[in-house]
Amino acid sequence: MKKEIPAEPLSDESKRSDSTDPSEDEELSSYYGEDGEENGESGGESDSSEDEVSSLDDAEDRGTNGDVIKSVEESDSSEDEVAPRNTIGEVPLEWYRDEEHVGYDVSGKKIKKQARKDKIESFLAGADNVKNWRKVYDEYNDEEVELTKEEIKVISRLLRGKTPHAGVDPYAPYVDWFVWEDKAHPLSSAPEPKRRFIRSKWEDKKVVRLVRAIRKGWIKFDKPKEESQFHLLWTDDSNAADNKRHGVNYIAAPKPKLPGHEESYNPSIEYVPTEEEKNAYQLMYEEDRPKFIPRRFESLRSVPAYDMAVKEVFDRCLDLYLCPRSRKKRLNIDPESLKPKLPSRKDLRPYPTTCYLEYRGHTGPVKSLSVEISGQWLASGSTDGTVRVWEVETGRCLKVWDVGESVQHVAWNPSQERPILAVALGHDVLLLNTGLGDAEVQMRIKELLHVEESKSSEDTGDHGSAVRWFRHDKYDGIVLKHFKSVSTVEWHSKGDYFATVVPTGESRSVLVHHLSEKQTKNPFRKLQGIPVSVAFHQKKKIFFVATKKFVRVYDLESQRMIKKLETGCREVSSISLHSTGDHVIVGSREGKMCWFDLDYSSKPYKTLKIHQKDITSVSFHRTYPLFASCSDDCTAYVFHGMVYSDLNQDPLIVPLEILHGHTRSDGRGVLCCKFHPRQPWLFTAGADSVIKLYCD
């Protein structure tokens, strides 16, 4: 027979009980008999045998010394089951009847059939072994299995019609887990039957009869009322529902002014005008003259008809007919909730707030400033024809060059190994040796600024050469002669190239100069618009050209325009490039400042209307998230401009401080502003010939 219940290994206590208590085996064998059959079948069951079996079922097992042996709890887990030795699965055993093996084990080896004993040998073997009645032949694995005490107890309980386990109470009280009171929904979750949503046969017949009666005219319906194509121009509130039903967007008319004490037939004396007041009304304009003049009557019967009644009603009808009326929805919104939530200014420090130092020495308006890359020296150019170099921390004037002409722009070379100052004045651009640095640096500078003979740039038609390079003996430098006046000079970040802007130069209005080669190139054969300012990208070969309306971005390597920024301003005055090269601020002559995100759009990300007059200069800080603007209204605005590396997060712009201190001269205010390259300091130059340093 095939064993269905896997044999469980006996615990140490059960093994000890098997070896020390043979009487228990005799009691069980007396119930089943010597041959494994029940005594009840061969003969009558004795009362003593029933008592012995029940005691084994209901009582706990006890050892020789009276110790209680706890029953092993059975587990429902499949991991506790013992896997069969034979792995043939559902293959019938009849297929192996003529074979020498009965199947295969886990490793794939054949399971040999055991030698079969005849009945006499098996009887003799069982007579000597007391536990032979517990053995059962497993045909599937071809082996004899000895049943444990727990398995015998389960079998004995099943034979007597009881539950397999003694701990189960078949007559436990019933526990109703559902509360039936006050429950409106049915307990069943069965789907709705088909008869609930399909009409029956009798309903089909009724529908057919109704359709036949409608077709033959036996059933007549009321005709729909014809809707009027016209509606009253003016109705009161009682007809609002009718107007809505007819599709008219009803708007209540403004109520006429109710009559007051003046319209009374017997008003008070103070409301009745005198003859002088009536004569004064005739001298007034008709639109200013009162429409109604109060009068007094002794009784209501003596009041005459109002001569303007028909005209006023007609005018009111014309107003209602000709004046359009619209319904406006008003939202109750707190104006403070519409303001953007900005961080506190205390959390955004440091930024310039107070004037710390003044640099005095110029006699004319200071038009341009430039800070040396180390932050130790400051250069300034004025209309008085002088260029000065100042020590930033002390305000001491180190050098003065009297160039004899109004200075338009000054710019330090951004390389620390080349302390060269570029000055734009009139038609010339001077490259001056500032004398800073050690002897080795000065030797390299003199070699760099040495020109043996005059060099001219490439010819550009009838105008002749664009720029000529000459040696300036007076200041030991180089002068670049342009054919027209120069307004701006800008250096490349490496310090070997610089660009000049000639606003009236037409096709030669923007020129790029190579200092080490002493050459000038014209990158644009045709430039649309009048250029105002230029800027080099700090990391890429990109060149920015600002005209009066647009800012064009060029790729110098591929020699093509890659983007055109639309400012929307009347006239651009200055531009400044962020240290990352992806953001540009543009100042205009109408007091607007535009922030451009080159990765976002060609239109301004933010447009700030901050100054009352023209913006003269804008500037980004090299390291701090700050930018500033100055204007002819004698103010300079400082902003916090944080640029995030995450492209999904927009830049944060927060206004911080308004700096005052300069006085107006000839209608001009602050002409230039520059940040210190390493500290959160701001330099401003005004038309009052004073340079101010603002610190935190």
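The backbone N, Cα and C atoms fix where each Cβ goes, and this holds for glycine too.
What TrEMBL records for 1-91 is region 'Disordered'.
What TrEMBL records for 21-40 (among others) is compositional bias 'Acidic residues'.
Annotation source TrEMBL lists compositional bias 'Acidic residues' at 47-60 (among others).
As annotated by TrEMBL, domain 'BOP1 N-terminal' applies to 96-352.
The annotation repeat 'WD' is assigned in TrEMBL to 359-400. As a summary of secondary structure, the repeat 'WD' (359-400) carries 0 helix, 24 strand, 18 coil according to DSSP.
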Residue list, the repeat 'WD' (359-400) vs rest of chain: Cβ under 8 Å, 6 or more residues beyond ends.
406-416, 419, 421, 423, 425, 432, 434-436, 665-666, 668, 671-679, 683, 685-693
For the repeat 'WD' (359-400), provide the mean pLDDT of the predicted model.
92
